[in-house]
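Below is one structure, written out as structure tokens, with a few remarks after it.
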Amino acid sequence: MGGKQDQNEVYGKPAKYDPSFRGPIKNRSCTDIICCVLFFLFILGYIAVGLVAWVYGDPQQVLYPRNSTGAYCGIGENKDKPYLLYFNIFSCVLTTNIIAITQNGPACPTPQQVLQSLRQELCPSFLLPSTPALGRCFPWSNSTVPELPGISNTSIAQGISGLLDSVNARDISVKIFEDFAQSWYWILIALGVAMVLSLLFILLLRLVAGPLVFVLIIGVLGVLAYGIYHSWEEYRVLRDKGASISQLGFTTNLSAYSSVQETWLAALIVLAVLEGILLLMLIFLRQRIRIAIALLEEASRAVGQMMSTMFYPLFTFVLLLVCVAYWAMTALYLATSGQPQYVFWAPNVSLSGCENVPMNTSCNPMDQPVNSSCPGLMCVFQGYLSTGLVQRSLFNLQIYGVLGLFWTINWVLALGQCVLAGAFASFYWAFHKPRDIPTFPLSSAFTRTLRYHTGSLAFGALILTLVQIARVILEYIDHKLRGTQNPMARCIMCCFKCCLWCLEKFIKFLNRNAYIMIAIYGKNFCVSAKNAFMLLMRNIVRVVVLDKVTDLLLFFGKLLVVGGVGVLSFFFFTGRIQGLGKDIESPQLNYYWLPIMTSILGAYVIASGFFSVFGMCVDTLFLCFLEDLERNDGSVDRPYYMSKALLKILGKKNEVPPGGKRKK
């Protein structure tokens, strides 16, 4: 009794019976109003940053090449001049000033055009036949390279070859595009198969959860048993040979340790200990494993009653896409803000006529001619002005954008968790299922969450965001100082990174359960997080067992879905499936692995989305189950809401009221 009282004092008292409680509270008020106001003000500031970036930014700097005067190729007055031609392609490497012109016409110069340009003195002293790539003209690999002072033909040819090697990516991208064009509908079919498999796996868990969990556990035991047997055989052989670590000594070749008996003896001991621990857990925790299986079956029934919840991740995905796209466009516009700056430049300032020209001073490229007495004098583009309020605050605005990205993404994920928790909680607290389940549980939970708990979600998302920003800063510092660190500094940095990783995992776990309590009781974030943590700590063994059983089951489900889609895609796209008919033939592809990998990646994303909903359902029902055990006792006035399977496992039952009807 004393131990029980001490436990209640440390982790709080069990929830008390509330006769008015019938599931998620409907009469609730707004929570964490200060954080809600702060979040809305931040969003307004984020929108203002986007407007400033849109006004001052110019993403055409990235999309279109510029010539030496700063004019864009392929748009505006140069609409019919899509390609950028360098006066001297080697100046890309040899000098900092790159002089380029906008190539007239829809193609790069041919040998005939080269001769004509030289005769008319419209171009530099030499031109090379070239081919377009990424809006720029690059020399052909078989072009005749002219003799240049101070530069050998070999080095020039190597430079051209290097440029062409980098441009070969264009040919690869074209082939990739062709493969997607040939196989996109088959990829969609593979993704559809992944969706069907994921849904069937979740819905069938109500029938096969128990046998499947025990098969997986026996499989783990079998793998460990085989590892013990293999380690013993290796140890016995090496022991008979007398191979010992004392003969090997210390070496950095880790594979060499597999040839000594001590390595296999250590592996044998570790595997035997793990096998023994797992067997003891199965013996002493079998009741809790049965409870976990019953909760998984109940979660499968809940998903079957509310199929709309399985497609809610699509809405979350769209919101996440909007958040990432807005941040990417804002960052792009901010990075390209600033007015272009032009300066005077000449290839040789020592020539006659160039003495009085103020080199590297500002000029206007539209004023022509600049100075005909200085040979080759041009008004060239130098860069973008860094003066002005926006340009001086560019770094701070980018930091604000990164903070906005993390905060909005975490808020969207929190919204999805809280909405799903509200829907599944309404399932558990419906005494007569499915009659007492609300008509539109998902939409009702969504409306409640947005109306009352935006601030609470923002509060939890902000805490997680600050930890993630700290991790990003630490990774940046580690990257910058990696070459100058000593072993002690690396060890300290690794410890800091490990601590922040653990802190992030703990906050995600705490936030997830806090959102469940918010969805049920409508209290603020801190109170909900405290109540959820205390409730879980009062049932810590059940928490661990359910978490591991669920992880094992969902891992197997992902493996089944992704592996099945991957195998089918491999056999289909490699043409190894015969007899499908004339209308169903494998497409002819340049890279058959491309649609296979796309299908596998898409199947993993789909399976993760479906199983994330199922995992949220399990966690929600588990917290409701724990609350049910503490609030109720099975009497006529305080009946249990859990399923009959759970009542049977726990050895409990609900009393039947006189007349056979229970008053609700």
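Glycine residues also receive a Cβ, built from the backbone N, Cα and C atoms like all the rest.
Bear in mind that TrEMBL entries carry predicted annotations, made automatically and left uncurated.
Database features (TrEMBL):
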TRANSMEM  33-56  transmembrane segment
TRANSMEM  184-205  transmembrane segment
TRANSMEM  212-229  transmembrane segment
TRANSMEM  264-285  transmembrane segment
TRANSMEM  311-335  transmembrane segment
TRANSMEM  405-431  transmembrane segment
TRANSMEM  452-474  transmembrane segment
TRANSMEM  514-537  transmembrane segment
TRANSMEM  549-573  transmembrane segment
TRANSMEM  593-626  transmembrane segment
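Among the stretches 212-229, 311-335, 549-573, the one making the largest number of Cβ pairs under 8 Å with the transmembrane segment (405-431) is 311-335. Nonlocal intrachain contacts for the transmembrane segment (33-56), taken as residues 6+ away from its ends with a CB within less than 8 angstroms of a stretch CB, comprise 326, 329-331, 333-334, 337-338, 390, 397, 400-401, 404, 407-408, 411, 454-456, 458-459, 462, 525. For the transmembrane segment (549-573), the most Cβ-contacting stretch among 212-229, 264-285, 452-474, 514-537, 593-626 is 593-626 (pairs under 8 Å). Pairs of Cβ atoms less than 8 Å apart link the transmembrane segment (212-229) most often to 264-285, out of 184-205, 264-285, 514-537, 593-626. Sequence-distant contacts of the transmembrane segment (264-285), counting only residues of its own chain at least 6 positions beyond either end whose CB sits under 8 Å from a CB of the stretch, comprise 217, 220-221, 224-225, 227-228, 231-232, 234-235, 238, 258, 541, 545. Non-local neighbours of the transmembrane segment (514-537) in the same chain are 10-12, 15, 23-25, 28-29, 31-32, 35, 414, 417-419, 421-422, 425, 445, 448-449, 452-453, 456-457, 459-460, 543, 619-620, 623-624, 626-627, 630; each lies 6+ residues outside the stretch with a CB under 8 Å from one of its CB atoms.
Among residues of the same chain six or more beyond the transmembrane segment (184-205), those with a C-beta under 8 A of the stretch's C-beta atoms are 212, 296-297, 299-300, 303-304, 310, 553, 557, 560-562, 564-565, 568-569, 572-573, 587, 595, 598-599, 602-603, 606-607, 610-611, 614.
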